[in-house]
Amino acid sequence: MTSKRSSVQLEAEVRNEFTRASRRTIRENGGVPAVVYGAGIESIPVTVDLKEAAKLFYKGRSESFKLNIQGSESLPVLIKDVQQRAGKVVHVDFLHISMNKPVRVTIPVSYQGEAVGTKNGGTLQTQVTELEVEGLPGDLPSSIEADISALDVGDKLTVGDLQIPEKITLHAEDEEVLASVIVPRLVEDTEPQEETGEEDAEAGSDSAEEEPQE
């Protein structure tokens, strides 16, 4: 199962100044410097509203949308890269795409349900948080759902267990483990070892005291 994507738009303005001071001014006014590049176009430096762009960051990088460039055209794009500094977004790369050509993107894995094994003393471990897929932009899901509810102690969920739409190609081996339920390791009691060490030390001390008597 995969979650459905939604269609949104984002407004942008062409950016004509490229100094450090100009970029700082953009950020101080609630914007973020960005660039658009990709299929059939030259790179276009733009500015977008940070709050509006942030809404798209949480949707994932498989979410195609329209970037409406003021005084220019509306371009279908994906978020290619988000650069951060000290936890703040400082630059965004948008990838111009063709809706009729496949693209390859990384999307998150969304684990669904509660593993039955966790109720039987097991611990759930997830090994994979995202997977690489390929397909037409309009067919790409926001995330891949992985149902873990049936996993008992000793069970594992692999890529081959996922339900992927026929229009999407998943670039991963079927045997790759996504999640498993294991038995927690017991912490060994170290007190007996400490007592043994103390007894050995005492024995050594006794021997040292007896040596001069010989």
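Glycine is no exception: its Cβ is also placed from the backbone N, Cα and C atoms.
Those TrEMBL annotations? Automatic predictions, nothing curated.
As given in TrEMBL:
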- 10-94: domain 'Large ribosomal subunit protein bL25 L25' (DOMAIN)
- 103-185: domain 'Large ribosomal subunit protein bL25 beta' (DOMAIN)
- 184-214: region 'Disordered' (REGION)
- 189-214: compositional bias 'Acidic residues' (COMPBIAS)
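When DSSP labels each residue, the domain 'Large ribosomal subunit protein bL25 L25' (10-94) comes out as 17 helix, 46 strand, 22 coil, counted as helix, strand and coil in that order. Residues of the domain 'Large ribosomal subunit protein bL25 beta' (103-185) grouped by DSSP class, helix first, strand second and coil last, total 11 helix, 35 strand, 37 coil.
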